[in-house]
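Here's what Swiss-Prot has on this protein:
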| type | residues | note |
| --- | --- | --- |
| ACT_SITE | ASP281 | active site |
| CARBOHYD | ASN62 | N-linked glycosylation site |
| CARBOHYD | ASN212 | N-linked glycosylation site |
| CARBOHYD | ASN253 | N-linked glycosylation site |
| CARBOHYD | ASN316 | N-linked glycosylation site |
| CARBOHYD | ASN323 | N-linked glycosylation site |
| CARBOHYD | ASN355 | N-linked glycosylation site |
| CARBOHYD | ASN524 | N-linked glycosylation site |
| CARBOHYD | ASN543 | N-linked glycosylation site |
| CARBOHYD | ASN565 | N-linked glycosylation site |
| CARBOHYD | ASN669 | N-linked glycosylation site |
| CARBOHYD | ASN713 | N-linked glycosylation site |
| REGION | 735-754 | region 'Disordered' |
| SIGNAL | 1-19 | signal peptide |
Amino acid sequence: MKLSILEAAALTAASVVSAQDDLAYSPPYYPSPWADGHGEWSNAYKRAVDIVSQMTLTEKVNLTTGTGWELERCVGQTGSVPRLGIPSLCLQDSPLGIRMSDYNSAFPAGINVAATWDKKLAYQRGKAMGEEFSDKGIDVQLGPAAGPLGRSPDGGRNWEGFSPDPALTGVLFAETIKGIQDAGVIATAKHYILNEQEHFRQVGEAQGYGFNITETVSSNVDDKTMHELYLWPFADAVRAGVGAVMCSYNQINNSYGCQNSLTLNKLLKAELGFQGFVMSDWSAHHSGVGAALAGLDMSMPGDISFDSGTSFYGTNLTVGVLNGTIPQWRVDDMAVRIMAAYYKVGRDRLWTPPNFSSWTRDEYGFAHFFPSEGAYERVNEFVNVQRDHAQVIRRIGADSVVLLKNDGALPLTGQEKTVGILGEDAGSNPKGANGCSDRGCDKGTLAMAWGSGTANFPYLVTPEQAIQNEVLKGRGNVFAVTDNYDTQQIAAVASQSTVSLVFVNADAGEGFLNVDGNMGDRKNLTLWQNGEEVIKTVTEHCNNTVVVIHSVGPVLIDEWYAHPNVTGILWAGLPGQESGNAIADVLYGRVNPGGKTPFTWGKTRASYGDYLLTEPNNGNGAPQDNFNEGVFIDYRRFDKYNETPIYEFGHGLSYTTFELSGLQVQLINGSSYVPTTGQTSAAQAFGKVEDASSYLYPEGLKRISKFIYPWLNSTDLKASTGDPEYGEPNFEYIPEGATDGSPQPRLPASGGPGGNPGLYEDLFQVSVTITNTGKVAGDEVPQLYVSLGGPNEPKRVLRKFERLHIAPGQQKVWTTTLNRRDLANWDVVAQDWKITPYAKTIFVGTSSRKLPLAGRLPRVQ
């Protein structure tokens, strides 16, 4: 029996798959929907259609295909259409700043933005990043990320995203996208979808670690979980107008992410109404015709393997149209989607060529780095793009600090007689802030994790530097020990300190780097570099120990968090270049901590449920990672199994106190939901396709080695493609309906950006009064949770939140709304969102378990 996406996977992640018939299955969905320019895309779509109508076939293909790894200045670069003034598009990492560049800022990670619970700061960070990317001549930022969502706390790249809660992630994901695109740069929502672990994400990478597999991991999930958890933030991204989506390395129900017709054609383009373009993750492109028909619009970096000179697109895409296996309208739609995104963000007005090289810091070099060909020219212009962004970086760093525990130790007065700064995490990397490639080591303070989701630091203020400056202002003594294994000296300093500030960390990152035996994903949730022993030593010698944790997510603290000599605990995440200043702002009370933990702190790793899949379980085939927990991850799981966390999702203390009161609920719209009906328009072809002789390489063209071109070597299409299987019957690899350009039925849940417009109609207005009952100004985050009812639903789920600044003694009324999507469940039979007949109850408070206010909602449909 095959398990369709409409059914829950029935195999455990640890079990050995016995037969191919037992594998999860992703049903096909064709044809690939064509853009129609609805909503805010209208003007950009019209301009895109106009320009694409003037292009030849090979010019369109040039837009869809990267030129190859290390062939141009950016990590990804498309071909150009110089005849029409369309430049090569530069695509560059990362979600927290410009990777492989210089004179750029290193922003806090997405997980820190989540800890602020601040929509405005999410937007400001996005806008600041977009400005830097634009100033460097980058057209497409490869970020932000909502995949991984954070299914497992030990997932290597969770920190690149926001939170395991889809609502918190979705809001901040969307605000980040708006900020980036308001700066004139195309944002990329990634990694789509179910990219929840690093193990087995790429075959070559896994084989390099000694695993005998021939296909990447398959993330197997049921339809309800897909919609209510993992697809949720991507719907918010589409609704925000995101220009690009990056498909992921993993398979989804045993179909590769970049050729999965259900996730790309049905969910993203048909149901959510995505109007931009889908690009592959780097070398996540596995076929030509199959990927094109399944919805992949752009191949990155263009070559099949790095510097191979071969491509599934390029010449082969041209051949596919000429021999009829790929309809012209499909390639036209690819080009229209790319150009529509380009025009939508106003890139045509802001475009400048890249003024840096990803491959060298030398000022001069060859135009084409890998083959050392082309003009020898200035490749790095050393343009400083930082502006005043250090201010927002420091602000986010401070506002994302979560005060987990405070027994009166904080804030510090600045008059402490002796301050001990203890732990390697307080100091500098001996190799320098950028001493490890892609931050692939854990030395010194952890302000950024590792992998392609990184940026070079322009500088890094360490906690030791910043705190020493504070102590010197008060004429105190300050002693630091940053060797975690010198417990004798640590004890000596702790014993004479008025307050001991202990800095510890836990790192993770992308799977292409192995750091201390962690192949991207964390091996465990313990502290790194002997961190537990440092804390134990200090608490034995100092009765005023404050622990600061820089980490990629939760760590196990059960052994020491309740120790009476641990008087304060702060989580500071990955705060970027202003790390030391940000934590000093909080420690010394210039900033009243208002961060809330965006994940749950459990007592053991087992508290979180299913472990990562770290051993192959399907022979040498695709490892099968079954998401049997469904929607029950993080706090939802803790609630389901009545697990008591150490610190619950949404928890965070302040230097003041708040009180919530006066819950009011008002029905503002009782209209019924109307599923979308009708048909789309027919697919359109723009321009005409000539015979093969029109697409031969131009005479006199000096070809660059390994460069990916769109032209033909010969009018003999088989000779041009170089594919030994060329000429196989179409029915063997072209799915039924895949080339059909006739009007198609609209899905019930479709109809607008993010889905059916009725989902976003506000039904209820909710208001609450928040009073600052303390003596200092501070920030509070009222959080609204909904119980959807039903026997198999989470106890409650987050739906709304707002960060508010409130003066002492002041009251503020927070007003929010609940729309239909907030109250609905995914109906796997109707294939639509439905508000079930079960009672709906709302809860408002300051964490997922501190919810003093509650109210029952009237029934709506």
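Note: Cβ is positioned from N, Cα and C throughout, glycine not excepted.
Features as recorded by Swiss-Prot, highlighted on the structure.
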{"residue": "ASN62", "record": "N-linked glycosylation site", "DSSP class": "helix"}
{"residue": "ASN253", "record": "N-linked glycosylation site", "DSSP class": "coil"}
{"residue": "ASP281", "record": "active site", "DSSP class": "coil"}
{"residue": "ASN316", "record": "N-linked glycosylation site", "DSSP class": "helix"}
{"residue": "ASN323", "record": "N-linked glycosylation site", "DSSP class": "coil"}
{"residue": "ASN524", "record": "N-linked glycosylation site", "DSSP class": "coil"}
{"residue": "ASN543", "record": "N-linked glycosylation site", "DSSP class": "coil"}
{"residue": "ASN565", "record": "N-linked glycosylation site", "DSSP class": "coil"}
{"residue": "ASN669", "record": "N-linked glycosylation site", "DSSP class": "coil"}
{"residue": "ASN713", "record": "N-linked glycosylation site", "DSSP class": "coil"}
Problem set entry | Proximal residue to ASN355 (N-linked glycosylation site) among recorded positions ASP281, ASN323, ASN524, ASN565, ASN713 (C-alpha distance) | ASP281
Seminar exercise, completed: Nearest by Cα to ASN62 (N-linked glycosylation site), of the recorded positions ASN212, ASN253, ASP281, ASN323, ASN713, is ASN713
Seminar exercise, completed: Counted with DSSP (H/G/I as helix, E/B as strand, rest coil), the region 'Disordered' (735-754) has 0 helix, 1 strand, 19 coil
For this session: For each of the glycosylation sites (ASN62, ASN323, ASN543, ASN713), count the other CB atoms lying within 10 A of its CB, then report the residue with the highest count.
Result: ASN62
Problem set entry | Neighbours of ASN543 (N-linked glycosylation site) among the glycosylation sites ASN316, ASN323, ASN565, ASN669 (Cα to Cα, within 10 Å) | ASN565
Problem set entry | Cβ contacts of ASN212 (N-linked glycosylation site) (under 8 Å, same chain, 6 or more positions away) | PRO616, ASN620
Problem set entry | Nonlocal residues around ASN316 (N-linked glycosylation site), in sequence order (Cβ under 8 Å, 6 or more apart) | GLY288, THR721, ASP723
For this session: May I ask for the distance between ASN713 (N-linked glycosylation site) and the residue listed as 'active site', taken between their Cα atoms and rounded to an integer number of Å?
Result: 28
For this session: Select one residue from ASN253, ASN355, ASN524, ASN565, ASN669: among these glycosylation sites, choose the one with the most other Cβ atoms within 10 Å of its Cβ.
Result: ASN253
Exercise. Which of these recorded positions is closest to ASN253 (N-linked glycosylation site) if you go by CA atoms: ASP281, ASN323, ASN565?
Worked result: ASP281
Exercise. Sequence gap of 6 or more, C-beta under 8 Å: which same-chain residues meet both conditions with respect to the residue listed as 'active site'?
Worked result: LYS190, HIS191, MET246, CYS247, SER248, TYR249, GLY257, CYS258, MET300
